[in-house]
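If you look up Swiss-Prot, you'll see Q35, L36, R37, N38, K39, N67, S106, K135 marked as 4-amino-2-methyl-5-(diphosphooxymethyl)pyrimidine binding site, on the strength of sequence analysis. Per Swiss-Prot, Mg(2+) binding site is recorded for D68, D87.
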Amino acid sequence: MMFPSRPMLCVITDEELPPVTFARQALWGGATILQLRNKTASGRDLCRWSEAILPLTRQHNALFIVNDRLDIALATGADGVHLGQDDLPATVARKLLGPDRIIGVSTGTREEALQAEKEGADYVGFGHIFPTGSKDKPLPPVGTLALQDTASLLSIPLIAIGGIQLENARRVISCGASGIAVISAVSRHPDPRIAAEALVREMEEGMLL
């Protein structure tokens, strides 16, 4: 699977916002990956949203990833699925998805990231890098040193996640991340499109450091 050579902006849908409208704004702002994530929505709603978001990503030459729900990804023709540590192993997901779709895996340690690559993940999400309020009772942040160390050992893209905002996006890229994954940095901005555009600019600056 080929990923963009420029830093990737993965925007994850916010459960408090209409996902299709939010996805459209993020894509106009330059998101290269749109991930549909909603832990409480019904399968029917996830299918409906996926079928609406997928053509939007095609219009913007972006990738569409479904969080956790392998069945939804398969049913709607999504580009891939993002799995957590408690979900199906990447090896099993690959048997179901086939060789051409993307599998991402959430990781929080160097060992988890290396294991995900060994099991056939196409990219890893790594973090959380900074303190974040998006998860209940989160573990301490792993920090940029662990990010730099882990990224140097992987041959697949590492997308940093957790507490990433405009003011630290450049530093994350300069530490070796292939991209960032965000929710609130885009969803809490009055204009998600402008927020996404600003993050893209900061990441491009980070490549020059």
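Every residue gets a Cβ built from N, Cα and C, even glycine.
Taking the features listed in Swiss-Prot, we show where each one sits on the structure.
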residue	record	Cβ within 10 Å
Q35	4-amino-2-methyl-5-(diphosphooxymethyl)pyrimidine binding site	25
L36	4-amino-2-methyl-5-(diphosphooxymethyl)pyrimidine binding site	26
R37	4-amino-2-methyl-5-(diphosphooxymethyl)pyrimidine binding site	19
N38	4-amino-2-methyl-5-(diphosphooxymethyl)pyrimidine binding site	18
K39	4-amino-2-methyl-5-(diphosphooxymethyl)pyrimidine binding site	8
N67	4-amino-2-methyl-5-(diphosphooxymethyl)pyrimidine binding site	21
D68	Mg(2+) binding site	20
D87	Mg(2+) binding site	17
S106	4-amino-2-methyl-5-(diphosphooxymethyl)pyrimidine binding site	24
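In the three-state DSSP classification, L36 (4-amino-2-methyl-5-(diphosphooxymethyl)pyrimidine binding site) falls within a strand.
For the pair L36 (4-amino-2-methyl-5-(diphosphooxymethyl)pyrimidine binding site) and D68 (Mg(2+) binding site), the Cα-Cα distance reads 9 Å.
Under DSSP, D87 (Mg(2+) binding site) is assigned to coil, being neither helix nor strand in the three-state scheme.
Under the DSSP three-state reduction, S106 (4-amino-2-methyl-5-(diphosphooxymethyl)pyrimidine binding site) is assigned to strand. If you measure from the Cα atom of R37 (4-amino-2-methyl-5-(diphosphooxymethyl)pyrimidine binding site) to that of D68 (Mg(2+) binding site), you get 8 Å.
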